[in-house]
Amino acid sequence: MQEASSAAAAGAEPGRRAAQHQFAGVDLRRPKGYAAPAPAPAVGEGDPCPRCASRDTKFCYYNNYNTSQPRHFCKGCRRYWTKGGTLRNVPVGGGTRKKPSSSSSSSSYVAAADADRQPKKKPASKKRRVVAPAPELATAADPGKTATTTTTTSEITTETGALEDSDSLAHLLLQPGTEDAEAVALGLGLSDFPSAGKAVLDDEDSFVWPAASFDMGACWAGAGFADPDPACIFLNLP
């Protein structure tokens, strides 16, 4: 016994202790009471596909974390299957199940969409002739309104005539050398006063200033002031 241990120690690396084979038949990596795992399949040999019987399959995962329902994928027909489950002909990336009625409804929907896309033709616009209504008969005029309008018009005419007469009179008076016949024709009676028209248009320089010997004191005396000098009025206040 000692010889075997010494031989093992001699064959071992220096500085390492010899391994003890006390639990030679026990796998310490697996807890006690669990069955040993199934041996891994050889490389290139997977579970046969239930559809195409191909061995080119691979394990994906356990369904619902249940080791009794492993899920596999077949690379030949690109289908999944689960052990103990039902087979479905649904390819990878495939859509949902279609009902026969859905195809007809989809075709009708496409036809309706195409109809909406087509431009709608505008109906031809009909030209309509618009006939003007016949003019209604004028209503009878109100006699009160007619009388008021006539009176107002006559008053305006009278005032306009009076203004024109006054303008013509001023024209005759301001024109020098107007013949007396025109005044007689208008009935103004200016022929008796031949100098009436000339008196208005006398020369502006014809005004005669009072003489230098004119006594201003007489005027101020009549007004109640005795001093003939107007400058002293404000100096001799009572």
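Each Cβ is built from the backbone N, Cα and C atoms, and glycine gets one as well.
The compositional bias 'Low complexity' feature in Swiss-Prot is assigned to 1-13, 138-155. The annotation region 'Disordered' is assigned in Swiss-Prot to 1-48, 85-155. Annotated zinc finger per Swiss-Prot: 47-101, in sequence order, evidence recorded as sequence analysis. Annotation comment: Swiss-Prot describes Cys49, Cys52, Cys74, Cys77 as Zn(2+) binding site, evidence class sequence analysis. Marked as compositional bias 'Basic residues' by Swiss-Prot: 119-130.
Other Cβ atoms within 10 Å of the Cβ of Cys49 (Zn(2+) binding site) number 20 in total over all chains. In the three-state DSSP scheme, Cys74 (Zn(2+) binding site) is classed as strand. Cβ neighbours of Cys74 (Zn(2+) binding site) (same chain, under 8 Å, six or more residues apart in sequence): Cys49, Arg51, Cys52, Ser54, Asp56, Thr57, Tyr80, Trp81. For Cys77 (Zn(2+) binding site), the same-chain residues lying six or more positions away in sequence with a CB closer than 8 A to its CB are Cys49, Arg51, Cys52, Ser54. Reduced to three states, the DSSP call for Cys52 (Zn(2+) binding site) is coil. The Zn(2+) site is set by Cys49, Cys52, Cys74, Cys77; from the centre of their CB atoms, other residues of the chain with a CB within 8 Å are Pro50, Arg51, Ala53, Ser54, Asp56, Thr57, Lys75, Gly76, Arg78, Arg79.
The local packing around Cys52 (Zn(2+) binding site), expressed as other Cβ atoms within 10 Å of its Cβ over all shown chains, amounts to 13.
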